[in-house]
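Trainee: The following feature annotations were taken from TrEMBL:
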type	residues	note
ACT_SITE	Y131	active site, proton donor
ACT_SITE	K202	active site, proton acceptor
BINDING	R184, N446, N491	(S)-malate binding site
BINDING	E273, D274, D297	divalent metal cation binding site
DOMAIN	108-288	domain 'Malic enzyme N-terminal'
DOMAIN	298-560	domain 'Malic enzyme NAD-binding'
Amino acid sequence: MWNLTKFVASRLSRSRRFFSSVIPRPCIIQKRGADILHDPWINKETGFPLTERNRLGLRGLLPPRVISFEQQYARFMESYRSLEKNTVSESDTSHVALAKWRILNRLHDRNETLYFRVLIDNIKDFAPIIYTPTVGLVCQNYSGLFRRPRGMYFSAKDKGEMMSMIYNWPAQKVDMIVLTDGSRILGLGDLGVHGIGIPIGKLDMYVAAAGLNPQRILPVMLDVGTNNLKLIEDPLYLGLRQPRLEGEEYLSIIDEFIEAVLTRWPKAIVQFEDFQMKWAFETLKRYRERFCMFNDDVQGTAGVALAGLLGTVRAQGRSLDDFPNQKIVVVGAGSAGLGVLSMAVQAVVRMTGNAETAAQNFFLLDKDGLLTKERKNLDPAAVAFAKDPGLIAGLRDGDSLLEVVKKVKPDVLLGLSGVGGVFNEEVLKALRESGSNRPAIFAMSNPTMNAECTAVEAFKHAGENIVFASGSPFENVQLGNGKVGYVNQANNMYLFPGIGLGALLSGARIITNDMLQAAAECLASYMTDQDIEKGILYPSINSIRDITAEVGASVVRAAVAEEVAEGYGKVDPEELAYMSKEETVEYVRRNMWYPNYSPLVQQK
């Protein structure tokens with residue numbers, strides 16, 4: 001039975017332990033009365049003390065009893081646990097997931113401070129609801145779920161107006177923007193304006209994991225149309241009913257938006273999210289040397305995958321210096337797959353100093369099979385990873401995954417294909433015969449239905465002595481005899497908050513390859529040898545803020561080393577350069593936002 005009194009007492013104790021050193025600064029506001037209650041940034045609901053009720057014209061607009069922050073927290077958790085209990089027997093898991101999302105979203109709509117405290121303290125339970133995999137369901141049903149706007153929407157119809165539109169956003173300062181055009185949402189394809197759910201979920205994770213101030217973040221939907229006929233014909237669809245813009249017309253819209261953002265907030269970091277492959281690489285090439293930006297699908301996913309690959313070498317009982325000798329088969333030649341290969345090859349070059357042979361042990365497959373230089377109309381982004389014919393006896397262009405696994409005998413099978421079940425029984429059994437003492441399987445496609453295989457399938461067909469990682473949550477597998485097959489969630493939530501926070505706190509002009517490599521290597525080194533021996537490559541999400549502090553600090557140090565750091569606030573680049581590793585981590589921690597009610601002061 002739920003014991004509210006004990007829960008509040010335990011919460012108070014925990015709160016004192018973690019937040020006692022954080023004294024909320026006064027928040028200057030220009031609102032009064034009911035307008036305050038309708039603003040989720042400053043609303044405390046029944047938590048307003050009597051002095052503030054008198055000062056701010058709230059007396060009589062709230063029930064008389066003051067309910068503390070901890071009591072509000074406990075009341076919300078009681079209602080959430082009640083929902084869990086009442087839906088435990090339901091077979092429709094998507095219905096249950098959306099019900100959980102709704103209750104969290106309602107809290108987000110009315111009280112951001114309480115929402116983020118709940119999210120931080122229960123990150124393991126709530127991350128799958130506000131982020132993957134539930135965010136995919138939210139995006140698929142966004143028009144029907146829409147209740148109130150969050151973020152900004154720029155469309156092709158706004159061409160010529162974006163410079164003035166950007167000033168409609170009420171925040172005077174923005175640190176982080178997550179931008180999507182909705183063209184490739186997870187593995188679900190073109191969802192048009194419904195894709196706004198991704199930037200919202202990502203930025204919630206930035207606040208929870210990296211401590212970004214929620215008043216300084218901005219989710220953005222850039223609506224350039226959709227090629228999804230189902231959406232265009234849907235009477236509830238909220239976006240433009242027109243085919244997607246292409247070519248220079250498309251790029252002119254992106255250019256105008258970026259110019260507007262940098263005019264108002266020149267130090268804002270822009271994260272590109274879920275763009276289809278051709279535009280993911282084109283925009284990255286177009287902007288990465290001009291301002292502080294990165295593409296999470298290309299670079300964030302690559303960093304997480306690289307951290308897992310480096311951990312796999314350790315799990316196989318080998319030295320990290322042996323990473324260049326790992327044979328890795330990558331299934332999926334989209335932005336994520338090519339991003340992983342690019343970063344992995346860069347790591348090999350750093351280790352060996354030899355760029356000519358750095359890609360020789362990587363094998364790339366798309367929907368038509370193995371890519372070789374014999375392939376006609378080969379995508380320019382994939383040319384560097386296409387194999388020379390005859391490199392391995394009998395290997396030919398277009399060979400199936402099964403044929404490649406049998407001939408290459410890889411140490412790692414990495415999936416970013418978006419095709420559910422592509423790692424079938426035959427493929428997994430072939431991997432078992434590869435000769436590797438501990439083969440690794442990364443089934444990284446999202447959402448869950450698009451995962452290349454499940455954890456149960458992997459351990460059943462590839463053997464118990466494997467390393468398994470997935471992009472979506474799977475339960476650990478009971479192997480018998482008390483053994484457990486550990487399931488790693490290779491999710492980019494481990495990296496993108498640290499990359500963004502490190503770039504912000506260093507004042508980086510741009511985000512460089514070395515900054516991204518530093519983040520990946522920091523994550524790879526986070527796990528102990530004992531964890532790695534068990535097959536655990538990634539830390540628990542419960543420690544996400546600790547991970548982000550370490551990763552963020554590594555990004556700061558890399559930015560300083562590359563002389564792209566310009567400092568943050570009153571901390572200049574010279575001060576950053578003189579900080580020790582430990583001091584840099586502490587600097588990052590000090591600048592993380594924590595959710596506490598701030599005293600409100602009205603500016604008359």
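Note that Cβ sites are derived from N, Cα and C of the backbone, with glycine treated the same way.
Remember, predicted model here, so these are calculated numbers, not experimental data.
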Trainee: Summarise the model's confidence over the domain 'Malic enzyme N-terminal' (108-288) as a mean pLDDT value.
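Mentor: Summing pLDDT over the domain 'Malic enzyme N-terminal' (108-288) and dividing by its length gives 95.
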Trainee: Roughly how many angstrom lie between the C-alpha atoms of N446 ((S)-malate binding site) and D297 (divalent metal cation binding site)?
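Mentor: Distance between the two Cα atoms comes out at 12 Å.
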Trainee: What does the structure give for the C-alpha distance between E273 (divalent metal cation binding site) and R184 ((S)-malate binding site)? Integer Å is fine.
Mentor: 9
Trainee: Quick one: of the recorded positions Y131, R184, K202, N491, which has its CA closest to the CA of D274 (divalent metal cation binding site)?
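Mentor: Closest by Cα distance to D274 (divalent metal cation binding site) among the recorded positions Y131, R184, K202, N491: R184.
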Trainee: Within 10 Å of each Cβ, count the other Cβ atoms, then let me know which of the recorded positions R184, K202 comes out lowest.
Mentor: R184
Trainee: Cα distance, the residue listed as 'active site, proton donor' to N491 ((S)-malate binding site), nearest Å?
Mentor: 10
Trainee: Taking Cα atoms as reference points, rank the recorded positions R184, K202, D297 by distance from Y131 (active site, proton donor) and give the first.
Mentor: K202
Trainee: Show which residues of the chain containing D297 (divalent metal cation binding site), separated from it by at least 6 in sequence, have their CB under 8 Å from its CB.
Mentor: R184, F272, E273, D274, F275, A280, S335, A336, G339
Trainee: With a radius of 8 angstroms around the mean position of the C-beta atoms of E273, D274, D297, what other residues of the same chain does the divalent metal cation site pick up?
Mentor: T180, R184, I185, I198, F272, F275, A280, N295, D296, S335
Trainee: If you count Cβ atoms within 10 Å of the Cβ of D274 (divalent metal cation binding site), leaving out that atom itself, what do you get?
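Mentor: Other Cβ atoms within 10 Å of D274 (divalent metal cation binding site): 25.
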Trainee: Using only the Cα atoms of R184, N446, N491, which the record gives as binding (S)-malate, return the largest interatomic distance in Å, rounded to a whole number.
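Mentor: Max span of the (S)-malate binding residues, Cα based, is 17 Å.
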